[in-house]
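**Student:** Next up is a structure, given as structure tokens.
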Amino acid sequence: MSVQAETALFSPADAAQSPGSSLGASIPHHRQRTRNRLPKKPSLSNQIHPSQGDAGPGGVAASTLGPQDGNSRASEGLAAPGTTSGRPRRERAKNPSNPVVPSNSDGTPDKAGGNPRDSDNSRRGPRPQHFRRNFGTRLTTEGASGSNATLGRTSIAPISTADLDLTSRLIHSFTHKADALDCPICFNSIHPAQPIWSCSLSETVDTCCWTTFHLKCVRSWAQKSTKETRDAYRARNEDREGEWRCPGCQTKRHEVPQSYKCFCGRVEDPKAGRLATPHSCAENCMRPRSCEHPCSMLCHPGPCPPCLLSVEQQCYCGQEILVMRCTRLHSSLEQRLTCGRTCNKLLPCGKHTCQRECHPGECGECGETERVRCYCGKDTKTVKCGDGDAKISLIFEDGRPQEWEGRFQCENLCERLFACSIHTCSKTCHPPSPIPAICPRDPSVVNTCPCGKQTIESFGNGHRTKCTDDIPLCTSTCGKVHATCSHGCLSTCHSGPCKPCTVPISVSCRCGETVRYISCSARRLALEAGQGEILCHTKCTGMRHCGRHTCVRVCCPLAGQQRKIGKGKKRVFDPSALQVEDLEGWHACDLTCNKQLACGNHLCSESDHRGPCPPCLQSTFDEMICNCGRTILEPPVPCGTKIECSYPCVRPPPSCGHTKSPHSCHEDGDCPPCPFLTSKICVCGKTSVSNIRCSQEKVSCGKPCGKLMDCGFHQCDRLCHSGDCGSCAQLCGKPRKLCHPQQHVCVQQCHAPSACPEDEPCRAVVTLHCECGRLQQPATCGACTANPTSRGSGSFQLKCAQECAAAKRSRTLAEAFGIDISTSGGVSRGKLFGVTWPEELMVFFRLNRPFASMVEKALNEFVASIRNFKSFFLICHCRVANLYTRWPRCIE
């Protein structure tokens, strides 16, 4: 918070301790260490000259500067204001454009004219440095007089700003270099020649802190903040302009300061005179205030002072005219225009006057009470004066008029006799007519049936002569429009009021899935009772705005829009499209997001939403220091910030003895592992492996372990490993005793040293053969304690089939013809016929391969079509040799 604000004052004690310091005294110590600067030379504008008797507008008189300012400058090796710093001052009398009025030793002008100092300079030599050092003080000490008096000095009290308002303190800081302000962004002093920007009120901003900044500093600050906020809004798919905050009061603004203006904002690049406040236009401020009078001060920093004009204003009750300051008139005090007399305004009742003291606003209702009658005159009650709707009631009884003022309607019926003296009025309390009204059943009034569709004469039952005669009813529907709806009465012609409306109307439920039909009167009663909404039992299956959870609300109004989207996997639905139409928030997700924020330390506490979660708003106000201590992040530090230090790591080298690999300073975790290559023994202890990183702890040679397991029969088949080999989990592998002669192995898990259990049948596969050996069939061994005979021992044979006998006859016939049959059961064509293909046939086949293939295919099909295999076999064996030897001739 800048100490330029109203709540932070710069005390004289602070000024005495650090001359030339600004309102930035509250800067933390670790930042003030970088602000040591060399002493500055005093500018001519800060030196006190005899010609500068008064300060400029809004400034402080130069004569109020005390010796403390001069001493502080002398301690810095600089001359105090008003001194010559060891050099003889230039005589102003030599400049004809700026003559000096001659004066005597007591300060009065010399009547003789001329400048006596011009004649004395040659005799007295250079003027002493202490000559009129403190302008405005007495030149001689007390008790000294005449030309022989010695020069003396008196101390001047330092300027105190503790009792000044904010505007005066800011003017003092701008006009006095010793109390110059500091820019809260760059922490450098604000020079009168540097463009500035002040946080002030505007049309778009109603709060400010009046802090002053360098224009270039606040422009860079605002441009960066505006760009970052605009990018953040675009990342959330929001079309909003960027904004920035004032570093002093955190007020949001959208406009980036671009031009250098005066304090009142009317002049760009102001050029103030010597006597004007720096950065001002030296004209009247004219900024609007809470009243109609603009500020009459010269252009100034800070808020405008209150208006001090006197105005005449009538008091609240209008009995007196008050004269007061405009500031008090526009203040928030309620008694500012009170004359102190009794109000005496006529109250709304029209009978009494207000007895309160002169007050603002309406006088209110009358507090008196009175006894009033109802309109029909049957009931009375006590009400406040002026309450109720006053109506005049007048009746004649026994020829005498009775008149009263009715103020309310009672719950009684009127029951006043009509002119027929038989029937009475059935209306509720109302102002009666002066004379009895005509009976509504009088024959002169009633000419039709109650529904009005037929006249009395059309019934043919004679004419009604008195009001007690019955009114005939027709057979038509009544059809009178109900007073509560626009439907007609569905009952037949009747006397008296109509029954409630029974017209059925369709009412849809909230989601539109269900339609119900109810009577019009029942619907009206439900609406009056606040139960007009009809709900079905259908649950909404639409997605909420978060896009992850379903609605599951019973009879949701947005379920109809969900059904219009379509069904199936090809439907395309964006829940954010319905968010614009969901003004009541039916599909707003009420579940907490609970996603991990970007900081990695906190969870998102907002309702479940679409898109990325907002950044974590937590922060720490402690300095973040890296491990080596050379990189420091100043607070506030946002949550999740990772410090990045570019200096080398200072942690100790690894314990292996190798040189530490160069790397940057890191916050968490160990240093990178040692990258040097070395030789290490594998974990099984059998092999030395070379070219292994020094940091690698476990080394494997990649060979099987080979250690004898605890069973004493198997060896460890795991690859090189550390630790015990563990219990044996391999297959037993020992031969079973009952599986003879195959000796199948035991397939159970190692059970040494116990014998192999053979109570279960052996599941090894054996091949069974028929007697001739042509047929083969796989089968399980099946040897066990209950059945010790194995199927593979030869005792089990398959029964030969008919094909076996045919094959046997074929072999016999082949042996008779001298044909060699292969051991596989098939007949080789070359060995079967013993034919050597002629060379010309081979050449013809190569040239006419498609035709030869077609002939071969035809012969194969012909052979396959013969059903009698025996006849074919005989013909084939008898003619096949001649057929193939005559092949070229057959082709022709």
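Cβ coordinates are placed from backbone N, Cα and C, and glycine is handled just like the others.
According to TrEMBL:
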REGION    1-152  region 'Disordered'
COMPBIAS  28-40  compositional bias 'Basic residues'
COMPBIAS  65-74  compositional bias 'Polar residues'
COMPBIAS  95-107  compositional bias 'Polar residues'
COMPBIAS  124-135  compositional bias 'Basic residues'
COMPBIAS  137-152  compositional bias 'Polar residues'
DOMAIN    291-309  domain 'NF-X1-type'
DOMAIN    349-368  domain 'NF-X1-type'
DOMAIN    420-451  domain 'NF-X1-type'
DOMAIN    485-503  domain 'NF-X1-type'
DOMAIN    546-564  domain 'NF-X1-type'
DOMAIN    599-618  domain 'NF-X1-type'
DOMAIN    656-676  domain 'NF-X1-type'
DOMAIN    711-730  domain 'NF-X1-type'
DOMAIN    732-764  domain 'NF-X1-type'
**Student:** Should the domain 'NF-X1-type' (420-451) and the domain 'NF-X1-type' (485-503) be scored as in contact, given a threshold of at least 3 Cβ pairs under 8 Å and pairs 6 or more apart?
**Tutor:** yes
**Student:** Per-residue pLDDT averaged over the domain 'NF-X1-type' (546-564) comes to what?
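**Tutor:** Average per-residue pLDDT within the domain 'NF-X1-type' (546-564): 81.
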**Student:** In the domain 'NF-X1-type' (485-503), how many residues does DSSP call helix, how many strand, and how many coil?
**Tutor:** 0 helix, 2 strand, 17 coil
**Student:** Can you tell me how the residues of the domain 'NF-X1-type' (420-451) break down into helix, strand and coil by DSSP?
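**Tutor:** DSSP composition of the domain 'NF-X1-type' (420-451): 0 helix, 3 strand, 29 coil.
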**Student:** Of the residues in the domain 'NF-X1-type' (599-618), how many are helix, strand and coil by DSSP?
**Tutor:** 0 helix, 2 strand, 18 coil
